[in-house]
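Report on the structure given below.
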């Protein structure tokens, strides 16, 4: 009965206005009130502040600053094996496995369309048909920066407007096509393991989605699909990220979906639905063998992006809308 009530609220509540209100409140500097809210949040969700670079909650001027708090470098070591792809986020695995032609498993008895997830982009979908996927859910207590599973060259980013349903286990099991309905940012990379998509999915109360190369992607929520492209390789204007490097962040909890091309990687056998994930731990292994490179993988970045700063895109000249 309680679950039915919670699901009904997902359809009834004004999710967009709630999200805007939450984003507005989380960006305000309110002194002792901000600290009180953070302390209550830490206690309720059992947040481990010992892992944070700033464990003192009084250090955060806004709730958003606290929410995207950086971790100490040593608490998330990155697996250095060049054949291993690592987990992109702290959280739990919602689902993982093989993409069956165009079908991705959302929950037991519920599939959704790969092409719908990719906003109808059939050319991009063709890269991943019969490939592999991993869906990682970030709860409110988790670290909310998202990192690279492997070295990658950014080729395309698509912002897709959509609903703002919660993305917890209850909604995943009961809301059809949840991840293909919600607002999301699709990032396509060239990697040593073939093409890889890393998709940041929005949800109720998620105030914004950001990337390290373009700053805040949403808000504003303009209701139109936007697309950006970048050149390959070492060409001028290209964006290269290293394994373990931060690529984006959420302000409040959400979901990351990774897509891998067919025949390129095998997921770690021990992983299953509800497995706990930690950034830097093994997620998948290449089907080929690579020689260990001289360069070390990037540690967790120490440099901060201001929590309330809406950075201008670094590649405005590459932007076009569709």
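Cβ from N, Cα, C; glycine included.
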Statement: What Swiss-Prot calls pyruvic acid (Ser), among 113, 208, 254, is 254
Query: Using DSSP and three states only, what is residue 254 (active site, schiff-base intermediate with substrate)?
result: coil
